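Engineer: One structure, as structure tokens, below. Some questions next.
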Amino acid sequence: MIQHLALDALQRHLAGSPLYGWATSLPAQISARIEEGHGDLARWWSAVQRLPQVPAPKVDLAQRFALHSDHDAALQAQMKEALQGLIPWRKGPFDFFGVQVDTEWRSDWKWERVSPHVELRGKRVLDVGCGNGYYQWRMLGAGAESVVGVDPNWLFLCQFLAAKRYLPELPAWHLPLALEDLPEKLEGFDTVFSMGVLYHRRSPIDHLLALKDCLKRGGELVLETLVVEGDASTVLVPEDRYAQMRNVWFLPSVAALELWLRRAGFADARCVDVSLTSVEEQRSTEWMRFQSLPEFLDPQDRSRTVEGLPAPMRATLVARKP
């Protein structure tokens, strides 16, 4: 599997940059992770390998993720069967040669909210908690020079490799690592994204400091997370679950989040978007059949979760490393 991660191409791409030394260490680090494995990894990887060959597809990444080619119904059926072997699909949507992967999240809606506020042309980007790589492809569509994503989830890696199978030359890499697996003081990326990660961290300030370590001086952080209404002293800590999630720790107000960014050493922190998450944006589909946001909200009051807490509201902030 490791050869399909194209780590040699990543090393060539980063040659001469501050990230080259790190890139040379990745094969050994990731080989060790693959040795640890996962009980379903062989099944997921088999699904990727069953994807049919499609020469020279046409690609649209600027407006959506879409791959096109001349093909017959048999190829499309083979494509759908293989992609269904990678269910559940959380982030998307994807159009694989006419097979519409209707994911749990309408991640394209989030990208429409975030992308107008970020200049990616010619930038070297790190996407922390990149999931299946949907945003990585959209970042390339917005002009990024290259995008490295890190996420330790093996299913997400296989979903990324399903897309990479048809886009082998594009400068996007998915590493099955957590942010904590990256070296300290990496300081090699122009832009770092952390979207939908901060509220899962027991120590949010440490997360912000680790993100800053990945940035060049003058680089930009794009931070998207759950927030609540309130002033700079307002932070919600759920007693147990939040929207049925056990691993949610801190939901700050926007003002508190701006304060956290300043305390972590960022400058020019500003909020560029605040949006309530709708049941149209996150829901169960044919490609993600488990419960989703409609089941996590109070059926009598959609402004509250089933635990009686404020319904999900997400903010995007951008800040600069001085």
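Glycine is treated like the rest: Cβ placed from N, Cα and C.
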Engineer: Same carboxy-S-adenosyl-L-methionine site as TRP105, LYS110, GLY129, LEU179, GLU180, MET195, TYR199, ARG314 according to Swiss-Prot: which of LYS91, LYS164, LYS212?
Structural biologist: LYS91
Engineer: Restricting to the record's carboxy-S-adenosyl-L-methionine-binding residues (LYS91, TRP105, LYS110, GLY129, LEU179, GLU180, MET195, TYR199, ARG314), give me the longest CA-CA distance in Å as a whole number.
Structural biologist: 26
Engineer: Run through the Cβ atoms and count how many others sit within 10 Å of the one on ARG314 (carboxy-S-adenosyl-L-methionine binding site).
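Structural biologist: Taking every protein chain into account, the count is 19.
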Engineer: With H, G and I counted as helix, E and B as strand and the rest as coil, say where DSSP puts LYS91 (carboxy-S-adenosyl-L-methionine binding site).
Structural biologist: coil
